[in-house]
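Peer 1: From TrEMBL, for reference:
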- 118-136: transmembrane segment (TRANSMEM)
- 142-160: transmembrane segment (TRANSMEM)
- 206-224: transmembrane segment (TRANSMEM)
- 236-257: transmembrane segment (TRANSMEM)
- 277-297: transmembrane segment (TRANSMEM)
- 309-326: transmembrane segment (TRANSMEM)
- 333-358: transmembrane segment (TRANSMEM)
- 378-399: transmembrane segment (TRANSMEM)
- 420-438: transmembrane segment (TRANSMEM)
- 458-476: transmembrane segment (TRANSMEM)
- 497-514: transmembrane segment (TRANSMEM)
Amino acid sequence: FKSMTKGVIVNDNVATVSQLYNLDSFDGWLAAVNLTNSSSMVFQNEAGFSFDLSHIAKDGYFYKQEQQDHVDGRDGTSYFKTIAPMLIMGYFEFVQNGLLKFIMNWVPPFKRAYFGSIYVKTTVDVFICYGFMLMIMMGHDYYNEILIGMFCITVFVYLFQGRKNPIMVNFWTTINPRPAFDLIMDEKKKDRASVRFTIVRMTKQYTLALTVVAILAVDFPLLFDKRLMKTEDQGYSLMDLGVGTVMLSSAFGNRLILTHKSTIKRTHFWSDLKNSLTGNILVTIAASIRFFLLTGIEYHDHVTEWGVHWNFYVTIACVNMLLVFIRSPKYVLIIAMMIVAVQEVLHIHFDALSYLYYAPRDSFFSANKEGFISLPGYFVISLVGIHIGSLVYNCLIFEDPITLHKTIKTKEGMVKRHELEFSLFWQLIFWGFMFLALGEASGYVFNISIRRLCNAAYVFTQIAGFFFMMAGTYFLERCMLERNENMTFKAIALKQFIFFIGCNLLCGLINISVQ
């Protein structure tokens with residue numbers, strides 16, 4: 001198209017030249033297509049070459065190509081601008097349970113309306129949830145100001161919260177009477193209990209909500225900065241970080257870290273494999289529907305994201321199958337590091353980067369090269385997710401859950417719990433900087449972060465960003481005396497996978513209906 005810098009649209013019904021256009025850009029092409037409503041639309045360049053544009057205009061080719069060009073060729077932004085939204089997201093806990101309660105203390109009618117009407121509570125909670133996410137999307141150039149502003153508001157609320165009805169505690173010096181986890185006793189088997197960590201639940205909900213807002217907002221340039229889009233060749237971006245955090249947070253629910261080691265019932269490998277196969281049915285169906293639906297309606301698809309037939313659901317299903325072979329959380333971090341090392345050696349030996357960029361898609365493997373090559377990296381991210389879950393569990397659950405249920409509210413138990421909560425915060429910070437250093441070193445020795453390759457630098461920087469987000473969220477959660485759970489996140493938590501699929505379908509429906 002660009003080789004034909006100037007041309008004319010010839011309307012066969014009139015048999016005259018209608019107008020001369022500069023068709024060097026897509027705007028010129030769209031103007032030419034939108035001008036003529038005739039059944040025949042023929043383009044003719046200055047050299048006299050001509051061809052019919054009618055079928056192209058009818059099939060919506062230009063709009064589909066424009067959507068494709070909108071997400072192609074992005075190289076992201078700085079690493080700080082990538083993890084800054086994740087740090088800001090941690091302040092959601094303060095907005096929901098600190099700032100909101102502060103306003104209620106000063107405006108009692110609002111408090112009565114909020115807790116007295118389900119409609120008012122739902123409206124406020126939805127506004128806080130998605131308003132907060134949109135602020136992250138649209139504030140790319142103001143992340144420094146947003147972080148400083150949120151910090152100042154937090155300090156203000158803490159200083160002027162009032163002694164009679166306190167909202168926050170000093171995490172460094174004061175014991176929060178509310179534990180960082182919920183002990184759920186088995187009603188049938190009194191000798192068993194499971195643990196649900198508040199920070200784990202919050203992190204999964206925040207990550208999922210931000211992800212679904214991003215996949216919809218990405219098609220609207222006024223809402224979503226191009227620097228936040230998935231990178232094409234190399235670099236860092238918010239949407240790249242979103243994929244990694246989804247894999248990390250989903251690993252928190254792994255069977256290896258759900259129950260205490262003394263109450264674990266060992267399962268057979270073949271039983272776990274069968275459960276994994278049956279559990280992946282819904283994921284496989286979602287992956288198949290997405291492929292055939294996009295193909296059938298000629299929906300724009302970013303091929304260099306995962307491949308021709310591959311998509312994120314296929315990666316989830318494959319990782320779930322591979323996790324069956326991990327029988328203990330004890331050595332997952334060592335296994336992850338070994339896989340990363342072998343992966344980098346293979347990338348260098350087979351020149352995987354050149355293959356990824358330049359190999360023609362003439363076979364099933366090459367057509368889906370992004371999906372196949374990145375799979376080991378996402379498996380490593382999930383293994384580290386299990387390590388993080390084990391880290392949280394082993395740090396906070398210092399006794400058997402049955403015994404802990406009895407001692408958690410004693411004076412000695414509360415002191416011990418506060419010490420371990422404090423220790424966990426610094427462990428999250430330590431591991432964050434550790435993986436950040438590994439990511440920088442990997443980028444210096446091998447290649448910098450490449451999403452399509454899912455190389456060591458990408459894997460380590462993804463994990464580092466997640467640790468920092470988790471540390472910030474955990475710190476603010478421990479400062480809140482009470483938790484008023486946001487109804488939007490509570491609804492998301494009920495059926496997370498169904499919510500994710502539904503939002504993908506909604507995104508496609510909007511793109512089909514509105515140009």
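We number each residue from 1, going along the chain as drawn.
Every residue, even glycine, has its Cβ placed from backbone N, Cα and C.
All TrEMBL annotations are machine predictions without curation.
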Peer 1: So, taking each listed stretch (206-224, 309-326, 378-399, 458-476, 497-514) in turn and counting its Cβ pairs to the transmembrane segment (333-358) that are under 8 angstroms, which one gives the highest count?
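Peer 2: It is 378-399 that shares the most Cβ pairs under 8 Å with the transmembrane segment (333-358).
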Peer 1: Any residues 6+ beyond the ends of the transmembrane segment (378-399) with a Cβ under 8 Å from its own?
Peer 2: 180-181, 195, 197, 199-200, 244, 247-252, 254, 256-257, 260, 315, 318-319, 322-323, 326, 329, 332-333, 335-336, 339-340, 343, 407, 416-417, 420-421, 423-424, 427, 431, 454, 459, 462-463, 466-467, 470
Peer 1: Within the same chain, where does the transmembrane segment (458-476) have neighbours whose Cβ lies under 8 angstroms from its own Cβ atoms, ignoring anything closer than 6 residues to its ends? I mean 6 or more beyond.
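Peer 2: Tertiary neighbours of the transmembrane segment (458-476) are 79, 82-83, 86-87, 89-94, 98, 154, 171, 180, 199, 202-203, 206, 236, 240-241, 243-245, 248-249, 340, 377, 380-381, 384, 388, 424-425, 428-429, 431-436, 438-439, 442, 449-451.
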